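Undergrad: Per Swiss-Prot, the feature active site maps to Lys22, Asp148. Annotated ATP binding site per Swiss-Prot: Pro106, Ala107, Gly108, Gly109, Gly110, Phe111, Gly112, Gly113, Gly114, Ser115, Ser116, in sequence order, evidence recorded as sequence analysis.
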Amino acid sequence: MDRIALMNAPGTDWSAWPAPAKLNLFLQITGRRADGYHLLQTVFRLLDWGDTIHLRVRSDGQILRIGESLPGVAEDDDLVIRAARLLQSAAGAAAGAEIRVDKRIPAGGGFGGGSSDAATVLVALNALWGLALTADTLAELGLQLGADVPVFVRGRNAWAEGVGEQLTPIALPEAAYLLVDPGVHVPTPVLFRSQELTRDAAPAKITDFASGSLLDNAFEPVLRRREPAVEAVFQALSRVGTPRLTGSGSGCFVEFATRAAAEQALAQLPGSLRAWVVEGAAHSPLLDARDAMKV
């Protein structure tokens, strides 16, 4: 994805905003809260690739979806519509918006597409509607939409705990990633019910991650046994590096020091695989777009 800031097409009042994908560089489950939500630890890595959200402000207060970003998802269930309505209600905003999504991030792959799209709508409409809500407030609203939304609102690579909302910014080295979408989706609640899932990992520290001792994803063994397509991707990627799972899957990735190395690895994969080479971002391009509105 180009690192676009705010981009206005000539002769229109539409604006385009980036919604970057993410990777979980590791993920472990350390317990469960009294309300049933699982506690986890992970590192979120933002990428320079993702969706684009197109927005046009309306004066009549209506929130409308233009096109169908996710086939089969009703407008009222679409996270971008829910995000806009939530912000409108929380801020008492009179304005509305038309929303169109250019999807690149595979749905249900653990790359954060839905959460990132929702975060971009919150951040962008906060600017376009002139609301001036703080990042803390937007992150709190985002948490009502999903545990991953706050990290996209804040726009920084982060060590995450709790249900994923307790974020500590973390500096990560430059890296390129070979991503593969196996094309299968298992709902996260189904995976959480699996008897094979490790739910009591010993809590780790950021220093453990920095030492390179944390690479595993708790969902990986469950998915590899359950889904032949995921196992096949792991086998293919193991020929070019150390494959890992992102989120609760089914997206897989291998990290490389350079884009050239990742491109070379991509050339060795079967042409039938849906794969991309992307780079890690030091911060979200959404922050650049937001800051451009202040100039």
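Just so you know, glycine gets a Cβ as well, placed from its N, Cα and C.
How about a rundown of where these features are and what they're close to?
TA: Cβ contacts within 10 Å of Lys22 (active site), excluding its own Cβ and spanning all protein chains shown: 29.
Gly112 (ATP binding site) falls outside any helix or strand according to DSSP and counts as coil.
Cβ contacts within 10 Å of Asp148 (active site), excluding its own Cβ and spanning all protein chains shown: 26.
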Undergrad: Taking the Cβ of Pro106 (ATP binding site) as centre, how many other Cβ atoms lie within 10 Å?
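TA: Result for Pro106 (ATP binding site): 20 other Cβ atoms within 10 Å.
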Undergrad: Cα-Cα, whole number of Å: Ser116 (ATP binding site) versus Asp148 (active site)?
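TA: That comes out at 8 Å between the alpha carbons.
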Undergrad: Starting from the Cβ centroid of Pro106, Ala107, Gly108, Gly109, Gly110, Phe111, Gly112, Gly113, Gly114, Ser115, Ser116, which together make up the recorded ATP site, report each further residue of the same chain whose Cβ lies within 8 Å of that point, ordered by sequence.
TA: Ala21, Ile105, Gly247, Gly251
Undergrad: Provide, as an integer number of angstrom, the distance between the C-alpha atoms of Gly110 (ATP binding site) and Lys22 (active site).
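TA: Between the alpha carbons of Gly110 (ATP binding site) and Lys22 (active site) there are 8 Å.
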Undergrad: Would you mind ranking the binding-site residues Gly108, Gly110, Gly112, Gly114 by how many other Cβ atoms sit within 10 Å of each Cβ and giving me the lowest?
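TA: Selected from the binding-site residues Gly108, Gly110, Gly112, Gly114 on minimum Cβ neighbours within 10 Å: Gly108.
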Undergrad: Quick check for you: of the binding-site residues Pro106, Gly108, Gly112, Gly114, which have their Cα within 10 Å of the Cα of Asp148 (active site)?
TA: Gly112, Gly114
